[in-house]
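K.L.:
The Zn(2+) binding site annotation in Swiss-Prot covers CYS27, CYS207, HIS232, GLU236 and is backed by sequence analysis. Residues or ranges marked as ATP binding site by Swiss-Prot: LYS267. Annotated motif ''HIGH' region' per Swiss-Prot: 29-39, in sequence order. Annotation comment: Swiss-Prot describes 264-268 as motif ''KMSKS' region'.
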Amino acid sequence: MYLYNTLTGRKEEFTPVEPGRVRMYVCGPTTYNYIHLGNARPMVVFDTLRRYLEYRNYDVLYVQNFTDIDDKVINRAREEHQAPLVIAERYIEEFFKDADALNVKRATLYPRVSQHIDAIIAAIATLVERGFAYVADGDVYFEVEKFPAYGRLSKRTPGEMRAGARVEVNTSKRNPLDFALWKAACPGEPSWESPWGPGRPGWHIECSTMALKYLGPGFDIHGGGADLIFPHHENEIAQAEAQTGCTFARFWLHNGFITVNQEKMSKSKGNFFLVRDILKRFRPLAVRLYLLATHYRSPIDFDDAGLLAAERGLERLENTRRLLGEARCQLTGTGAETTVPARTSALAGRAEELRQEFISAMDDDFNTARALAALYDLAREINSYLNGTTTIDPAALRTAAITFEQLGGEVLGLFGQARQQVDDELLSGLMDLILQVRQEARQRRDWATADTIRDRLKELGIVLEDTPRGPRWKRS
């Protein structure tokens, strides 16, 4: 497996430090608002990477934080006349609603800044003690010039970094690039006691502290959006490596922006679309497919056409699942699995070929666009097989069905959650029973009953089709 490492600027073969186990950290949201589609992209991208690693038999320790102490959270709390942590808790709950809708699996751990203040203070104290940080008027700053490797991740010159950093006029700083590790308390803001006086953590020290606490130095993958490369991830590296003297993270993966008219989608620009609003118009799994249909490092320029195409693509995959479900029900219901003679079939072999194409795509810097193409090809092969034969080879069908479910559901997460699967299985079982009753009526030449069943099903949105292999059904 090869992944593009932002740190080195090239694809590198990925092997975890600990055989069979991957340690992975992804920057989570600042919890002051509902998430927009740009926030959702790293959620889906790194969830799918985690799923794929698990499919390849890795045990993944996946940590994603919540930034529940931040200027934005405090400002929203002032606007709504509530405590900052109350605001944060509300939007954490909303985050999980959107994540569940998009079929994002729960991370192993969701550490919150507010629960790690002691660890953050200890990390800052170490940096001060080692000479990488200084105290000024109750604030504590990281001294960038003391860390010679600063700029290694973003490949920026000092001048470019000054232009790109969130630099405020501050005469307490020795260098405009120096960044806050600890902010002295201000009236009306949450604060904690520290060796430097009451205050709260800076943004960057929060992530590096939690990552080191749960994953240790030299962990395997650190992920996030490309907008975090500088200054956030650059600063994380400086803080962590200045503390430990060890590599912070080995592979740095960054997803591309979602743009609107070629401009980055962001709350600050007001050109964002909330996930909760998009889900009122498009199905959640179609939105997930939309985010996976482009290579994760490439930008996506948002428009309805792409989401409509994703809806159609999802319908193609769901149609194949329906055909597979019908075929399995017919085999199970008729005992055909033991009575139908096996016939030479290329389906099983073709399913394995396409599985290897899928793996090859995912192993090449996690290319979900190519992997989806292999999945669509497999759907086409299954459809052709089921629509073109009156005698099913159960073993071939089972192989193709398992492969299809693993790649589309287990890895890409496009086939819904357990509740929907149970509902689909229940519907398939009920339809199998109804079709059996109708078939018995036809055998008795009770055409009125058979026609009534067909007509009532049509009223309920289910269309029957009589084929040489027996009746089939589909949602209208």
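Backbone N, Cα and C define each Cβ position, glycine as well.
Mind mapping these onto the model and telling me what they sit next to?
P.N.:
Proximity of CYS207 (Zn(2+) binding site) to non-local residues of its own chain (separation of 6 or more, Cβ distance below 8 Å) is seen for TYR25, CYS27, ASN65, THR67, HIS232, GLU236, given in sequence order. The DSSP secondary structure for CYS207 (Zn(2+) binding site) is helix.
Remark: secondary structure over the motif ''HIGH' region' (29-39) totals 3 helix, 2 strand, 6 coil, with classes taken from DSSP.
The average pLDDT the prediction assigns to the motif ''KMSKS' region' (264-268) is 73.
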K.L.:
Do you know the DSSP helix, strand and coil residue counts for the motif ''KMSKS' region' (264-268)?
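P.N.:
Once the DSSP states are binned, the motif ''KMSKS' region' (264-268) shows 0 helix, 1 strand, 4 coil.
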K.L.:
List the other residues in this chain whose Cβ sits within 8 Å of the Cβ centroid of the Zn(2+) site residues CYS27, CYS207, HIS232, GLU236, in sequence order.
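P.N.:
Same chain, not in CYS27, CYS207, HIS232, GLU236, Cβ within 8 Å: TRP203, HIS204, GLU206, SER208, ALA211, HIS222, GLY224, LEU228, HIS233, ASN235.
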K.L.:
Within 10 Å of the Cβ of CYS27 (Zn(2+) binding site), how many other Cβ atoms can you find? Include all protein chains, please.
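P.N.:
Other Cβ atoms within 10 Å of CYS27 (Zn(2+) binding site): 21.
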K.L.:
Can you see whether DSSP assigns GLU236 (Zn(2+) binding site) to helix, strand or coil?
P.N.:
helix
K.L.:
Counting Cβ atoms within 10 Å of each candidate's own Cβ, which of the binding-site residues HIS232, GLU236 comes out highest?
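P.N.:
That would be GLU236, with the most Cβ atoms nearby.
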